Amino acid sequence: RENFIHLCNPHLEKMKEDILYHFALGTSTHDFPKLFGDVKFVCVGGSPSRMKAFIAYIAEELGLGSPGCDYPNICAGTDRYAMYKVGPVLSVSHGMGIPSISIMLHELIKLLYHAKCSDITIIRIGTSGGIGLEPGSVVITRQSVDATFKPQLEQVVLGKTVIRSTNLDEQLAQELMQCSKEIGQFNTVIGNTMCTLDFYEGQGRLDGAICLYDEEEKLQYLKNAYESGVRNIEMESSVFAAMCNLSGVKAAVVCVALLNRLEEDQISSSHDVLAEYQQRPQKLVGYFIKKSLGKV
């Protein structure tokens with residue numbers, strides 16, 4: 001049976017029009033089923049330019065585009081997010097941090113619902129700081145954990161604290177791991193991902209404008225994280241996992257580690273090396289999509 005998007009909001013049924021403000025799209029001005037009804041895979045990432053590069057890459061991989069072909073930004077009416085589409089693949093930027101990706105996901109999930117999409121897989125592709133991993137390693141997230149290593153998202157709604165699960169689809173993670181083995185080009189692991197509210201103090205860096213702990217305390221914290229199963233740190237996975245769970249969407253997080261945080265805080269690799277690292281999640285997810293469509 002086809003798996004449709006589930007909306008946890010009964011109020012939407014009473015609305016004559018739904019305006020997705022941050023996408024510059026609306027149900028009275030756009031034909032969602034016509035524009036997006038064939039979407040099966042949604043890939044999201046922080047940077048608009050990276051998500052444009054991904055749609056060009058996947059178009060070529062699926063034989064749906066030509067080198068140098070330009071792909072219009074569906075959300076050109078706003079400067080908040082960028083969205084690109086080719087065939088059954090939608091590529092969307094989400095900015096940096098939980099608040100930014102949360103806003104995008106509310107509107108993305110509603111978009112998929114209004115488009116009557118079914119059997120959707122959403123994958124976040126991005127960068128992260130690794131813990132105990134060689135730079136360039138790719139982490140497929142098993143659970144997103146908070147800064148105390150608990151697999152949960154804590155959110156305040158109407159003044160009350162709500163706790164939501166941040167588990168991700170185990171079967172999808174294993175399928176992605178198998179794809180990496182078949183590619184055989186880079187180290188890939190399945191592990192927990194720590195999602196923080198901040199890039200500096202929240203991740204135990206020593207190089208921010210404010211730092212009131214010493215290097216020994218920092219290293220002990222990161223070692224504790226490693227021992228709890230954490231293999232990388234980023235700033236979006238918890239709300240991504242929680243919202244996909246509530247909406248009945250199969251989801252995964254695939255991030256490359258740009259550095260080993262047990263050894264350094266600042267990214268020191270060259271631009272060319274970092275550019276190649278950032279392509280690794282794209283290659284893995286692109287291969288997974290091709291395989292899912294029977295094109296491998």
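Each Cβ is built from the backbone N, Cα and C atoms, and glycine gets one as well.
Copied over from TrEMBL, here are the features:
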| type | residues | note |
| --- | --- | --- |
| BINDING | R80, R124, I125, G126, T127 | phosphate binding site |
| BINDING | Q203, R205 | substrate binding site |
| DOMAIN | 40-289 | domain 'Nucleoside phosphorylase' |
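Taking the features listed in TrEMBL, we show where each one sits on the structure.
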residue	record	contacts (Cβ under 8 Å, 6+ apart)
R80	phosphate binding site	H22, F23, G95, I103, M104
R124	phosphate binding site	C43, V44, G45, H94, E236, S237, F240, A251, A252, V253, V254, C255
I125	phosphate binding site	C43, V44, G45, F54, V254, C255, P281, Q282, V285
G126	phosphate binding site	G45, G46, E234, E236, V253, V254, C255, V256, P281
T127	phosphate binding site	G46, E234, C255, V256, A257, L258, Y277, Q278
Q203	substrate binding site	G129, M194, T196, I233, R261
R205	substrate binding site	F199, C211, K218, D265
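Looking only at the domain 'Nucleoside phosphorylase' (40-289), the predicted model's pLDDT averages out at 97.
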